[in-house]
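Taken from TrEMBL, the feature Mg(2+) binding site applies to E121, D164, L166, D167, D294.
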Amino acid sequence: MVSTRLAHIRFLGSTYLFMFDLNLPHSTRLVQPVKTVHWLPPSVSTTMSGNPAVVMRLVASAYTVAEKAGAIVRRVLHSGELGIVEKTGANDLQTLADRLAQQSICASLSKRFPKITIIGEEELPAEEVTEDLIENGQAEEILQKSCPAEYSGLKEEELVVWVDPLDGTKEYTEGLLDNVTVLIGVAYGGKPIAGIINQPFYNYQLGAGASLGRTIWGMPGLGAFGFQLQEVQGDTRIVTTTRSHSNNVVTDCVAAMEPHEVVKVGGAGNKVIQLVEGRASAYVFASPGCKKWDTCAAEAILHAVGGKLTDMRGNPYRYDANVKHMNSAGVLATLRNHEYYVSRVPQSVLQALKSD
């Protein structure tokens, strides 16, 4: 009879689950690695409860819905018919992908969770959504995680979902596809408690045949998943900021941070990914152009790994259903050393921005 034992071995920041055959000599007992377990806070179990909490079921659905939206964004691009319209100007565009992705996200989530509040970027006419846009799946790996205790009793009607169906639309129309994301953020009590970011064109630089797209997600108190957390090395200050919505106030604020390097990219979701993957130290945008649907998902993921997102004064934004959508006092996000960047914001910049 074969006698086996499972053991967790931690190596290079990850935990590996191995199976050992106890009937073999010590030197040959390792049978096989069973799986890799992501790092989780010690207070959180990976054991699935009999009935997952509402918020975990919502996040599990939002994960597959974001992947569906990402596939829609790719499909529209490949069709060559983007259906571009200007909303407020040449730098504020909407495409067929924005419209279809938002319809898919909102219809899919509201079908399964009819009592949640969903706030999407695009103002779309009320119309029936075709069945091919509906996503009914849920991510099993999320359902298997235990919900942080503070969120376990939340009800549908207490949750607000902020949706940007295509963050980085201008870059999408210009072929800067690594800037594009789909953002779904979940808020409770005005605070972001879960975020899902899909990158529809992740790996597109690898050319034909590459497997496109990835989805990352996170919850404060649970962890963040789908990427390798990294930080900018040493004392190097790399600031990421807008590439298409700049002005004198924005550039003055960036300069005041005394950066060693400035990275200009599109999309709020993309900029926060720069932070958590070690390509930037701070996201600095001293302008009222950003909205709550741009920052809710990204802020939740940032919080899950110990980061912070505030206005330029260091004050947090709220994500209640009745708040104004504009982040009027700009956006400042960091993985570490947030206070330093807040302290560097010039008084002239603060005077130019309204309080939220």
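Each Cβ is built from the backbone N, Cα and C atoms, and glycine gets one as well.
For the binding-site residues E121, D164, the ranking by surrounding Cβ atoms (within 10 Å, all protein chains) places D164 first. Counting every protein chain shown, the Cβ of D294 (Mg(2+) binding site) has 27 other Cβ atoms within 10 Å.
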